[in-house]
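Working notes, beginning with the structure itself.
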Amino acid sequence: SILNEEPFGSLEGDVDLQFLLVGGKLMKVKSSSWKKERMYKLHDDNATIWHESHRIFKRKQTFSIDDVDSVRKGRQSEGLQKHTEAHVEDRCFSIFFKGRRRNLDLVATSVEEARQWVNGLEKIISNMKKLNRQQTSEHWIFNCMRKADKNKDNMMTLKELKHFLRQINIEVDETYAKLLFTKCDTSNSGTLEGSEIKHFYDLLTHREEIDVIYEKHAATGGQMSAQDLLNFLRNEQREEATLEDALRLIEKYELDDSAKHMNHMTKDGFLMYLQQEEGSIFNPAHKKVFQDMSQPINDYFISSSHNTYLMEDQLKGPSSTEAYIKALMKSCRCVELDCWDGAHGEPVIYHGHTLTSKVLFKDVIKAIKEYAFKTSEYPVILSLENHCTLEQQKLMAKHMISILGSALLTSPLEDQMPTAFPSPQELKGRFIIKGKRLNKLDAVFSNTSPGVEEDCVSEEDEAAETNNSKTDTNGQKKSKIKLAKQLSDLVIYCKSVHFSGFEHAKDNQAFYEMSSFKESKAVNLAETAAKAFIHHNMTKLSRIYPAGSRTASSNYNPVPLWNAGCQIVALNFQTPSKEMDLNQGRFRSNGLSGYILKPEFQRYAGSEFNPMTLTKGPWIKHKAFHIMVISAQQLPKLNKDKPKSIVDPLVKVEIYGVPADTCSKETRSIENNGFNPMWNDVPLCRLNVLTPCGMMFLSAGFNPMWNDVPLTRF
């Protein structure tokens, strides 16, 4: 039956897969007192895990493999480290999920069973990642068909068909549903089975809009020749393609051997190509590091996280090493550590004076060490917000030195006092500490006495704001903390200082002295003194952080701060939002390095660029974007808990950049169809931009309420 087709043919007969299909008992670990055996097994669809639950009102006893981010063998989660003994290490594994869902900690009955669970799950995850878009689409549709087949007889009644259509986000009236059913029920049996279900699937997935595009360009006997395909690549896709590129695509994606022999591409091959990475608007050359990485580090925008330790809100949400791992794996290059005195002499990280949970400082450093350079090899900045007493500060320094080892930057790269920042290239694989320092950096090269072992310094600006510190008559923070020399000496290129104005910074601050700005102050400066802010950032680093009033860990728009040349624009990575989409769009290119070179007009001293009042200059490069919204497929429901809810999607296209370029357009909504809505009749939308060079983003989202649609950066 088509409903039982194997989505992962390459795993057929695999021993580990067969083991998962049979399943077995695993101990689920929640705490030291909550450890319970539960049955787990892989569903017949090879894409869903079923698990036993003793909760009376438990709605769902399954989770999709597609929701799994990774599987880690051993006691690698905080829960397993805290609630299990070391001798069960080889029987432990954890399943980590995408988004905010908490990880699942499990203990197998034997080392061999743990190995089979981990190997089996990793094989399925790997296979799912290898599926192309068409295969993923087919797998999803057939999975929905299986769910609609309530009595599991591999046939579909009219009632089951209507249930299936609602599952895939289509609402049809009774008459149309009957018409569709009757058209496919060629045996007049009152059910669809075998080839009838295949016919129904073909009708459902027919792409009329692709027919229009294909027929427009298929000028050779009803098919696309290599030259026709090349014309499409050049004129429609705007690629600098050659005939060899067109022939390569035909060889790779054409399914019909006779067409391939003639160097032709059929409609099926064309659709296959459009659903691959080669059909994406994203420039494939930008998947790798393509920018000059030898400029001073302040010449780059740096992907940065705020309150990195939090998984949720900043009032009562959990703190976790997993939050650091997720941020680093997204190529975040600046993470925040909010450090406080902990029990038993060990410093902890949490959001002070709140109900957020605590995580050991040393555990965070271990996690950072392990995951810092898996996605990007470029430097990671550890932004310390230090609230600890002297003894625990010394322990912080000791942990960082012992755990991070030679990767920790403890002195300037040069043999003499530097006058500018080193480059990301020079700092590859290194950790840079941002924090307070007792003296000037040139003390590193001084032969005089080492100086005081401790002294008072002003608090970090963000910490002082959090603590509602009083100010003196000059507006300077009064709050002081004692700083240990051992911690101070680890601060090399990122010494925190209070900001007292651009002129004061120009006359008094060394290049390595940097300030942090809360969002309201930074936005005000970006609006009223943008040119001065840009020139300040040509020689120094600036860090921006969200307002303390954002207790739900919401985010602010980073674009105005990037427009002002600010490098470290820190966002709450744990909160899915349009602002985080912008951040991911900004840092998607350049090989996911976490570093994006600023436009030249934000780097050279003579620049007159001001994003608020554009004047003639090299930044003005007028471009017109012509956009036609054609169609969408398989959009998510707004409310997954209401299976009968159907979306009425519209597409909103927005440009984020300098104020003169910021605009948005939206299509009409398509009623009752989130499966395959079409806007083919909508005329082209023209968007004019003045400063596209590194300063313009275009986003397309379905319905303003949806935040999970990725952005594409041009």
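Placed from the backbone N, Cα and C atoms, the Cβ positions cover glycine too.
Small disclaimer: the values here were computed from a predicted structure and weren't measured.
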From 68-91, 452-475, the residue range that TrEMBL assigns the feature region 'Disordered': 452-475
Candidate nearest HIS351 (active site) in space, where candidates are the recorded positions HIS306, ASN307, SER516, ILE646, ASN672 and distance is Cα-Cα: ASN307
Recorded positions near GLU336 (Ca(2+) 3 binding site), in sequence order, restricted to HIS306, LYS436, ARG543, ASP648 and a 10 Å Cα cut-off: HIS306
Integer Å distance between the CA atoms belonging to HIS306 (active site) and ASP648 (Ca(2+) 4 binding site): 35
Nearest recorded site to SER516 (substrate binding site) by CA-CA distance, among recorded positions HIS306, ILE646, ASN672: HIS306
GLU385 (Ca(2+) 3 binding site) as reference: those binding-site residues from LYS434, LYS436, ARG543, ILE646 with C-alpha within 10 Å of it: LYS434, LYS436
